[in-house]
Structure formats: C-alpha cells, structure tokens
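Some notes on the structure that comes next.
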Amino acid sequence: MSSSRTIICLLRNDLRLHDNEVFHWAQKNAEHIVPLYCFDPLHYLGTSCFNFPKTGPFRLRFLLDSVNDLRASLKKRGSNLVVRRGKPDQVVGDLIKQLGSVTAVAFHEEVTQEEKEVEKQIKDVCLKNQVKVQSFWGSTLYHRHDLPFNHISRLPDVYTQFRKAVESQSRVRPVLPTPAQLRSLPLGLEEGPVPTYQDLEQLEPVTDPRSAFPCHGGESEALARLKHYFWDTDAVATYKETRNGLIGVNYSTKFAPWLAMGCISPRYIYEQIKKYEQERTANQSTYWVIFELLWRDYFRFVALKYGNRLFHLNGLQDKHVPWKTDMKLLDAWKEGRTGVPFVDANMRELALTGFMSNRGRQNVASFLTKDLGLDWRMGAEWFEYLLVDYDVCSNYGNWLYSAGIGNDPRENRKFNMIKQGLDYDNNGDYVRQWVPELQGIKGGDVHTPWALSSGALSHAKVSLNETYPSPVVMAPEWSRHVNKKPSGGSGPAARGRKGLSHTPKQHKDRGIDFYFSKSRGLKTSNEGL
C-alpha cells in the first residue's frame, strides 16, 4: 500500500498520549504511524485456577471508554486508533503483510507471563518479516534502569528498604511532552470498529447510584480527575485524613483505574504533586500520594524479580499453608452473605460497582484468608474478574501480602472485622447503604446483629437466618468489641456524617501515625490509591 516507513505502535496498558515513549519514538522515526489496539480473546477467557471470567463488565466498560477516548484524541492530532479483534501477533503479522512498509513495531514492556508471551510472539512475527522490534519501559514512577540495585534479583524483599533506596538514590525521569500532531495512518488503512458488549459476550453493566467510582475511562477523564482532586478542590491536601473513607468519590484520589490502563502516567501525577507542593502546600497528604505510587512500583518490580511465583499457591516465601477450597464459603463471601455486615457491604459494593475502598479490600482479603482459611487465589481471581482498577502486579502482590506469603514483614497479620467496622464505619452508615436488610438497626449495632436481643432484632425487622444470615464463622477476638459500639441513640458517637466520606476523628490519623511514629521510622503499607 505504501513504500514510506511505517511504525506500528501496539498499545496495551498505555492508553494515553502524554508521557508515552512509544509515540514519542515513533514520531521521530516514521513517516506513518499505526496506533493499534487489539481486543485479545485471551482477556475474555476464564481465570487460571477457578475459571471466573477474566474481564468483568465494569472493567470492560472502562476499557471501551478509554479506547474511544484515545481514538478521539488521535483524530484531533491527524491520526486515528486502529482497532482489531484477535491475537496481537496475528493482527500485527496481517498488518505487516497488508501494508508492506512496516519498518518497526513498538510497545511498552509488561512483566507477567501472559503479557510476556504476547511480546515473544510479536518478536517472532517481526523476525520472520525482518521488522525491527522496539520496546520501552513506561509503567512505573521510577524507570527500571534507574533503580539503585545492580540487578532486579537484588530488589529488597521489604517495601521500606526499597522506598528508602529509591527516594535517596534514584530520580524520577521528566514527563515526555504530548505531541501536538502525529504522523498520519498509511492511506487506505481502515480504522476498524470498537467492539460492543455483545461482541465480547458481556452484559452492559448497570450504574449504581451508590458507587464511589461513577467515573469514565480515558485519558481526558483521568486528567480532569487530577485537576479536580488537586487544583479545583485541594482535596489532595487532606488525603491522609480521608483516605480510609468508604462513602463518596473524594475520600481518595481514585487514580488507580486510570493508572491500571495507562490512561494517566505515574510520572505526570508526581510532576503535578511537586508543582502543587510548590504553589499551594506540601504536607504528609501530598507525600502520601507518592508513597502509594511507590507501592505500585514495588509490586511491579517484585513481579519482575519473582516471575510466576507471584501466582503460586505457596507465594513468594514458598510457605505451605493448608488452604481450603470450600465453594459454599466462597459463594457466601463473593455474594456478600457471610453474616458479617462489614464484609458483606464491601463485597456487595464490589459486585455492583466494580470498586471497593482500600480499607475494604484489606478487610475482605484478611477475612477470606485468615478467618475462612480459603485459598487466597480464589479471592485474587474474583478481584481480577470484578475490579475496575485490576492491575495484575498490585492485585496478586496485595493478595499474597494479605495471605501472609508475600512481602509482609509482620507474620500472621490479621484484621479484626468488628473493630475495623467500628473504627471506619462507626455509625454504620456504610453497612446500611449496601446491606439494606439491616437498615432498621441504628448506629454501630449494625456491625454485630447476632449480638442483639430478639426484641431489638424484631423491632429492626431483622430475622437472623431469614432476612440476614448468621455469621459463617466467629472469631474469638470479635467479642472484645461487641459492647463498645456507639448505640443508635442521639449522642455524638451515633451521629455519623451520612453520605460523606468519613473516617472518625479518633481514628483518622491512626495509620499515618504508625508510619511516621518517631520510634519506628516510616513503616510499610500496601494501601492502594
């Protein structure tokens, strides 16, 4: 079709124009650029152990938004996004033959097996066709070549050691500029339709008005979210006070879904934080956003170091735990029917919106692995299916951490579901929002309906094992907190800030004080953005 030099830019989890080295390099080295996104059938199969769908409806909606947004942005710059359905290596091979002018294929590197296998297949196709392969590293805040370790095998096994080393010895590379114009597609190349939910055998998700993440995918939305959270509302300046919230959009940055698909660059977030600190305020809240980005980096580098051990039953430590695979217990957890209201509320929020707070994730993971003793991979694969912000390294890294077989220096770390519920949802507003059958129970009593008298339950129109289940398991440590709940009375303890993101004042600094405590130095966290 064309004798001009053409470069195919294969896009995967890098659906943006800003700070995108693939576009930056192609623009300098080609006369025509083919930005390509493949809907790979592999992403719509079942998960490897328990055969849940790999991509659920909420993430698919976010992906379709992101693909459409990138196409619109490319069109404004004289280009377009070529969309195909099929295995990336076959699609690339077909385009090389069709165009006859492809000199190179460029992409960002991934770190886990399935993604690396795609890269190998593309390299094979290119080698066969005498086409150059150019790959880049662009998914982390710190570039892998800038890490202060001679080899990835020297990556510390404790986050704090990693964080201190990169903060003192590495630098964040500057953000690459967004191209004003891009080289055009070769003449006659069809853009291809963006598939529908039906094409991918999915149902379109229903938007729940209670969602804490009612946002759309795409670079435009990601940049608008950052502008809103930083510059329009200054919400970032109180992130440490609100980050453990449960209700509403602004208790946390909510950058994770855009980061997972590469709609926003971690280096751009860092650059904007530094600008905000210079122009407005620098405090523990602004630093904590960087701290969380570093956790994301760390999980990616851990995956690079350990490879498939990330997915092994015995984890990074090769630790043998007698995990159970009780499908009835798993179903109760998945469906929010465990009889433990704080767990059930979080699991229902996930099922109905594709999102769950970081506080919730830590609790439901601890409950599955430590209280129910179920195979941690059941939880990891359920999250893989449903989470709108699923990122393979962060998801599996966090699940290993929760299961006690990952990067947690504290052995047998276990959350107390009742204490956590009372600490972070002290008046029970969050539970009542997602478990409406308990709406008649006022105040913190909603966290332990089994401890109420039959008269109180009858008054609240709750019948245990009929309208709401009894707990599938009871942990002995819960009893210490049963009689310490704010009641449904009118005292100050019972007055929640209903409908707002709310961490009770007496608990809001608990996490950060632990990390910044003088006697401890700065400790680790696996808290996601």
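The backbone N, Cα and C atoms fix where each Cβ goes, glycine too.
In TrEMBL, annotation is done automatically, which means it is predicted and not curated.
According to TrEMBL, the FAD binding site annotation covers Tyr239, Asp389, Tyr390, Asp391. The number of other Cβ atoms within 10 Å of the Cβ belonging to Asp389 (FAD binding site), over all protein chains shown, comes to 24.
Positions annotated as compositional bias 'Basic residues' by TrEMBL: 495-508.
In the predicted model, residues of the domain 'Photolyase/cryptochrome alpha/beta' (5-141) average a pLDDT of 98. Annotated domain 'Photolyase/cryptochrome alpha/beta' per TrEMBL: 5-141, in sequence order.
Under the heading region 'Disordered', TrEMBL lists 479-516.
The site 'Electron transfer via tryptophanyl radical' annotation in TrEMBL covers Trp323 (among others). Residues near Trp323 (site 'Electron transfer via tryptophanyl radical') in space but far in sequence (CB under 8 A, at least 6 apart, same chain), listed by position: Leu313, Gly373, Leu374, Asp375, Trp376.
What TrEMBL records for Trp376 (among others) is site 'Electron transfer via tryptophanyl radical'. Other Cβ atoms within 10 Å of the Cβ of Trp376 (site 'Electron transfer via tryptophanyl radical'), summed over all protein chains shown, number 25.
Residues or ranges marked as site 'Electron transfer via tryptophanyl radical' by TrEMBL: Trp399 (among others). Other Cβ atoms within 10 Å of the Cβ of Trp399 (site 'Electron transfer via tryptophanyl radical'), summed over all protein chains shown, number 27.
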Under 8 Å by Cβ from Tyr239 (FAD binding site), same chain, sequence gap 6 or more:
Ser252, Thr253, Ser285, Thr286, Trp288, Val289
Mind computing the max CA-CA distance among Tyr239, Asp389, Tyr390, Asp391, which the record assigns to FAD binding, rounded to whole Å?
22
Pull the DSSP breakdown for the domain 'Photolyase/cryptochrome alpha/beta' (5-141) and write it out as helix, strand, coil residue counts.
61 helix, 32 strand, 44 coil
For Asp391 (FAD binding site), just count the other CB atoms lying within 10 A of its CB, please.
22
Sequence gap of 6 or more, C-beta under 8 Å: which same-chain residues meet both conditions with respect to Tyr390 (FAD binding site)?
Arg59, Ala260, Phe383, Glu384
